[in-house]
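Working notes, beginning with the structure itself.
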Amino acid sequence: MASTATARVFSLGAAMGRAAAASCAASSSSSSSLKANPFCTLAPQQPSAPLDMKSYLWKRYNEAKKVTKDLVPSIMSNLLNPDAIFSNNEMSLSDVEIYGFDYDYTLVFYSKHLHTLIFNAARDLLVNEHRYPAEIRKYDYDPNFAIRGLHYDVHRALLMKIDAFHYIQLGTVYRGLNVVPDDEVIAMYDGSHVPLEQMSDFYGKSSQGNTMKQFMDIFSLPEMTLLSCVNEYFLKNNIDYEPVHLYKDVKDSIRDVHIKGIMYSAIEADIEKYICYAEQTRAVLAKLAEHGKKMFLITNSPSSFVDRGMRFIVGKDWRDLFDVVIVQADKPNFFNDKRRPFRKVNERGVLLWDKIHELQKGQIYKQGNLYEFLKLTGWRGSKVLYFGDHIYSDLADLTLKHGWRTGAIIPELRTEIKIMNTERYIQTMTWLQTLTGLLEHMQVHKDPDSQLILQEWKKERKEMRELTRNFFNSQFGSLFRTDQNPTYFLRRLSRFADVYMASLSCLLNYDHDYTFYPRRTPLQHELPTWSDQLCTGNNLVPQMLVR
């Protein structure tokens, strides 16, 4: 079983190594006077004598393409497991004594109907309470429009994807439901880089001068879509509006769907329609209980809603599994505000006023703060593993300030891995990397014929990048990649999560004392050593690449 997503990197790395070796050998045998090599990381040199560069470049191209095509079957034999747990940091489950959980999209998963419900309810609140035009009701929720982790420029009303280095991925900037031309984006931002002071704050919010909001919550998918739909309506009808007001009104409407109980009531009324995979969560909790692990729940959701859902998933005695249950915690404030005491909630949902001296099993508590939690439980450091779906609100403070182990639940991961395992994706991605290597090393040829061919290759590379984006999402591509760079989302995931997985059910595939070892992924300055060895023409692949 693959234990890290970089397994695909090693597989493609091995393929590139073989393609490189074959190309190097062909290059040295075809012309000893031509020093530039399409894969060698040694500084390429100009040819020592005039050659038919047009024929030479296309020969290298066709040879590389053939080698790449021949390698696809071997790559297909090393597919990723969508139900694996992937490790950013070495972690042994034998050291974990206490397991903590968020509720929504961690212990409980929702069907596709929930986002449609949230979208429709928030849309109606815009019309009924914020006096937006009734015509916006013609817009329906599109589950295929947005992806998690996008940034929204509050002042310009633009939704976009940003990479780990704060660069906008051109072609993924949307005003309303339409893409903004690249030249317009570059003109607005004086390039494609977003300065740090304009980025969202630590928790992804647009505050204290930050003009960007990052949508990290799974619940934010209908919010992004609603923002885009209302923007589209105003633009189509030439209505002058203030983008900041629109952002606030949509945000408030989405919040009210939760606060006013619209979402909670709908789910409780038809729980089988909205809650999925109950048996998998039940199996995970049973396994942990069987091995004597302590468990706790910290969620922002209200008591009656959590109780109804857990009764459906586990049964009426669900609280017997948990040593501590905390509702309406108000994360991430729960992790930072030391002033709020816990309050006990009785069986009727009434808040009691007595002072809390201990957190009792079987009881439900509201609010509180992590510092009081640590004092009352003594659960500190790496013996605690907490799972949540929100990288900022659930995980960031726990790993940075308190040393808890953290596990991110990324439901999109399973779908993306299944796409990555398809033959079409592997063929496209392998050739894209090979073509990029050709461009990198053939760019030294400045004659007109060579430059025309290189421009043709660049055009093909651009088209292939768009194709790979469309494999995942037609507008924004993968949750984890912006072309060759990691997304800003992945950067934060890598920093704040020790492990990540598609769902808690992935734990069922591992022993209770399993150790997760992250693969040693090559750094950029480590790559040349391997590539330079390959440039000798020997068909050798470093063992480290083919694990």
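Backbone N, Cα and C define each Cβ position, glycine as well.
Automated prediction, rather than curation, is the source of TrEMBL annotations.
Among the features that TrEMBL reports, active site, nucleophile is placed at D102. Positions annotated as active site, proton donor by TrEMBL: D104. The annotation Mg(2+) binding site is assigned in TrEMBL to D102, D389. Here TrEMBL flags D104 as GMP binding site.
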| Spatial neighbours of D389 (Mg(2+) binding site) that are distant in sequence (at least 6 apart) but have CB under 8 A | D102, D104, Y105, T106, D217, I218, A408, I409, I410, P411
| message | Neighbour count, 10 Å Cβ-Cβ cut-off, for D104 (active site, proton donor): what number do you get? | response | 23
| Taking the Cβ of D102 (active site, nucleophile) as the centre, how many other Cβ atoms fall within a 10 Å radius? | 24
